[in-house]
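Asker: What Swiss-Prot shows for this protein is this:
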type: BINDING; residues: 12-36; note: NAD(+) binding site
type: BINDING; residues: SER144; note: substrate binding site
type: ACT_SITE; residues: TYR157; note: active site, proton acceptor
Amino acid sequence: MATDAPEAPVALVTGSSSGIGQTVAQRLAAEGYRVVVNSARSVEDGEKTAAALPDALYVRADVSEEADARRLVDTAVEHYGRLDVLVNNAGRTRAIPHADLAAATPEVWREILGLNVIGTWQTTVAAMPHLARSGNGSVVNVSSIAGSRPAGSSIPYAVSNGGHRAQTRLLANTVGPAVRVNAVAPGLIETPWTQNSDFFAPIAEHVRQTTPLRRTGRPEDVAEAVLGLVRATYTTGQVLLVDGGAHLL
């Protein structure tokens, strides 16, 4: 378990006002990390999430904007004096059937890649000098199994997750030994967005009927995987599948 404050390590989790990111923030806080909670829009949810955690900080920032990504990292370091873990969870998608090519407009591509790929990159670059000084710096990118198979809520989303994987491995090969870079690639996870979507209902049923573990994932499943990679000091450049065995099909 991480040490107690004021020397406790600091974790920044982007996109952590709800869903997977919120659960990751809560899990890291339970391990003794001081957590920086972030969102671009859901300010009230972000503030409530941070208020429920010990010595947590909420920062509103849109990491798809370079200045905001830098401000987010700078605010975290100014507040705590250090940064040890970065979890790049902020992301977006559109529910677009893969066959509907015309619906995947250039604007959709720019929106999704701008946050999922460029936003992840900008935040990581801003955080890297601080992570390198940590002595145990770790980056975990939250990706998706859509990055490795013809799946996902849209083609632009799947491509963005392929970018996550490449970014993870290239950075791991570049910034070691000072910083480790890994990723988790979840399958279908039960979040308010997926549970309240007609688009995902048949996909969820297919997962429950066909995958080895016969269930969809929970945010807690992803949070445990993230924590495992943060702890795994001899592991870098890995993309950990958290999909109940869907990749075996």
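Going from the start of the chain as shown, residues are counted 1 onward.
Here the Cβ of each residue, glycine as well, is placed from N, Cα and C on the backbone.
Situate these features within the shown structure.
Answerer: Under 8 Å, Cβ to Cβ, and six or more positions away along its own chain, VAL24 (NAD(+) binding site) finds VAL13, SER16, VAL87, ASN89, VAL142, PRO219, VAL222, ALA223, VAL226.
Secondary structure at SER144 (substrate binding site), as computed by DSSP, is coil. Cβ neighbours within 10 Å of SER144 (substrate binding site), excluding its own Cβ and spanning all shown chains: 30.
DSSP assigns TYR157 (active site, proton acceptor) to a helix. If you draw a 10 Å sphere around the CB of TYR157 (active site, proton acceptor), it holds 25 other CB atoms from the protein chains shown.
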Asker: Relative to the Cα of TYR157 (active site, proton acceptor), which of the binding-site residues LEU12, ILE20, LEU28, SER144 have a Cα no more than 10 Å away?
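Answerer: Checking Cα-Cα distances against TYR157 (active site, proton acceptor), the binding-site residues within 10 Å turn out to be SER144.
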Asker: Using CB atoms and a 10 A radius, I'd like the single residue among the binding-site residues LEU12, ILE20, LEU28, VAL36 with the highest neighbour count.
Answerer: LEU12
Asker: Measuring Cα to Cα, how far is ILE20 (NAD(+) binding site) from SER144 (substrate binding site) in Å?
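Answerer: With the alpha carbons as reference points, the distance is 12 Å.
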Asker: Near the Cβ of GLY32 (NAD(+) binding site), how many other Cβ atoms are there if near means within 10 Å?
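Answerer: The answer is 15 other Cβ atoms.
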